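The annotation Mg(2+) binding site is assigned in Swiss-Prot to T16, E97 on the grounds of sequence analysis. The active site annotation in Swiss-Prot covers K32. Among the features that Swiss-Prot reports, substrate binding site is placed at T36. The ATP binding site annotation in Swiss-Prot covers E97, G98, A99, G100, and the record cites sequence analysis as its basis.
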Amino acid sequence: MRGVFVTGTDTDVGKTMVSAWLAQHWRADYWKPIQTGSTEGTDFESVARLAPAARIHPSAVVLPAPLSPHEAARREKTRIDLSSLVPPVTDRPLVVEGAGGIMVPINEVALMIDLMERLSLPAVVVARSGLGTINHTLMTLEMLRRRRVPLLGVVMNGQKNPANRQAIEHFGGVRVLAEIQPLPAVTAATIAGLPPPTFTCPGDP
């Protein structure tokens, strides 16, 4: 399967924007296996709006509360089964977006990193560019490597910070794939106006 798993060092670091950017420029399919906080709108709706070239697949699990998947499911008196999270079949690149960071619980025994390990797609880690990002990013990279999740690289989101980029590349032994500076507004036009990725979608067609 040709694709990437877009994860982040935290929630609200820009995973959906980066997913839309990749999906638009690669003309890819987009799938978010678990969507929480659906009462506030869904990320697949956002990507459909931001990346008109993308083909959107519905989430396998949609939960109303804006909480971690395990807690959002508990409040609905249900349980998320990892085996039910099966990627869509497609002949296009697939951009998969996680919920929260890699250690967020999916149920009482499984974490997001377990799903990443199961899917075995190369990870794109979205990180903030500012203070605190070195620690969060290096810990995320360390856990991904411990679990042998393939790692494509890091996308930094925010004002450029050369010192933080250098530290992440040096200590993390990873490539910073892109630096996306703050946009005046996040729209289909501004996403399309971003420079295209300088890296190709990995995997077999």
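Just so you know, glycine gets a Cβ as well, placed from its N, Cα and C.
Residues E97, G98, A99, G100 make up the record's ATP site, and a Cβ search at 8 Å around their centroid adds V6, T7, G8, K15, K32, I34, G101, V104, M112 from the same chain. K32 (active site) sits 5 Å from E97 (Mg(2+) binding site), taking the CA atoms of both as reference points. Cβ-based neighbour count (10 Å, all protein chains) for G100 (ATP binding site) stands at 22.
In this structure, of the binding-site residues T16, T36, the smallest number of CB atoms within 10 A of the CB marks T16. G98 (ATP binding site) sits 9 Å from T16 (Mg(2+) binding site), counting Cα to Cα.
Put simply, T16 (Mg(2+) binding site) is 13 Å from T36 (substrate binding site) when counted between their Cα atoms. Across the structure, A99 (ATP binding site) and T16 (Mg(2+) binding site) place their CA atoms 10 angstrom apart. When the Cα atoms are compared, T16 (Mg(2+) binding site) and G100 (ATP binding site) turn out to be 11 Å apart. In three-state terms derived from DSSP, T16 (Mg(2+) binding site) belongs to a helical segment.
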